[in-house]
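Got these off Swiss-Prot a minute ago, pasting:
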| type | residues | note |
| --- | --- | --- |
| ACT_SITE | His85 | active site, charge relay system |
| ACT_SITE | Asp131 | active site, charge relay system |
| ACT_SITE | Ser224 | active site, charge relay system |
| DISULFID | Cys70-Cys86 | disulfide bond |
| DISULFID | Cys194-Cys210 | disulfide bond |
| DISULFID | Cys220-Cys244 | disulfide bond |
| DOMAIN | 44-268 | domain 'Peptidase S1' |
| CARBOHYD | Asn23 | N-linked glycosylation site |
Amino acid sequence: MKRLLFLFLLAGILINNHALQHNETIDLKKLAKIVLPPAYQTRVIGGRVTTNAKLGGYLVAMRYFNNFICGGTLIHELIVLTAAHCFEDRAEKEAWSVDGGISRLSEKGIRRQVKRFIKSAQFKMVTMNMDVAVVLLNRPMVGKNIGTLSLCSTALTPGQTMDVSGWGMTNPDDEGPGHMLRTVSVPVIEKRICREAYRESVSISDSMFCASVLGKKDACTYDSGGPLVYEKQVCGIVSFGIGCASRRYPGVYTDVHYVKPFIVKGIKALLSRSR
């Protein structure tokens, strides 16, 4: 936690200097929502209400001590794909549970316990590089309004439009998750533009890409770990951002196609140990 507080202070200094140079004001309360748990999570802004059934049943809600923390994607009846940062300071696997087949957080769907999880050894909160984790459930997630997605098969291209869904905040000033499932379509932003936007605060690595309609459509707090979907494939994992639907900073996602070798290896390791 001390390391995260240091990161918050460092980010505040860097971004505040950037703001002074551009005559801007930085809201440190909103910044804390992005840098410190539980808000290293994101939400859908500018979207529409939907249901898990309409989406295909692949979106799951991940809870820690029964508190909603992150979204996730069911990619196998026993495996969930999510963000590594969701597990930061939340290492007790017995305290994690996963709800499937729900559209409202208050609904009772199909609940499974987390048996194991693997996150990339390259992941560090200070860089957010390789923000990816795979989760093994204690029993298969099957039933009504439950489905799976395949992993992204092709590299992303700028302008490509994808759908992001989740229970995240719908307003940057909110204090908790939204209870209704929402979805929004966002385009992939050119990597050069993405890196330029974040150059004063964080390095955009090869494992990341940006997507949003600046100032209008984005993921936000509590959407973290959820999927960015293209043609029934999960191509992105909601990772982080500065603010939500910011005019300057687009949302940042983990590139599933880039991290696919880690995902495939992790799935094999988890399933081999589950037998």
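Every residue gets a Cβ built from N, Cα and C, even glycine.
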Nearest to Cys70 (disulfide bond) by Cα, among His85, Asp131, Ser224 (active-site residues)?
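If we rank His85, Asp131, Ser224 by Cα distance to Cys70 (disulfide bond), first place goes to Ser224.
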Which one of the disulfide-bonded residues (Cys194, Cys210) has its C-beta surrounded by the most other C-beta atoms within 10 angstroms?
Cys210
Take the domain 'Peptidase S1' (44-268) and average the pLDDT across it for me.
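That region's mean pLDDT is 88.
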Measuring Cα to Cα, tell me the gap between Cys210 (disulfide bond) and Cys86 (disulfide bond) in whole angstrom.
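Spelling it out, the Cα of Cys210 (disulfide bond) and the Cα of Cys86 (disulfide bond) are 19 Å apart.
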Where the distance is taken from Cα to Cα, which of the recorded positions His85, Cys86, Cys194 turns out closest to Asp131 (active site, charge relay system)?
His85
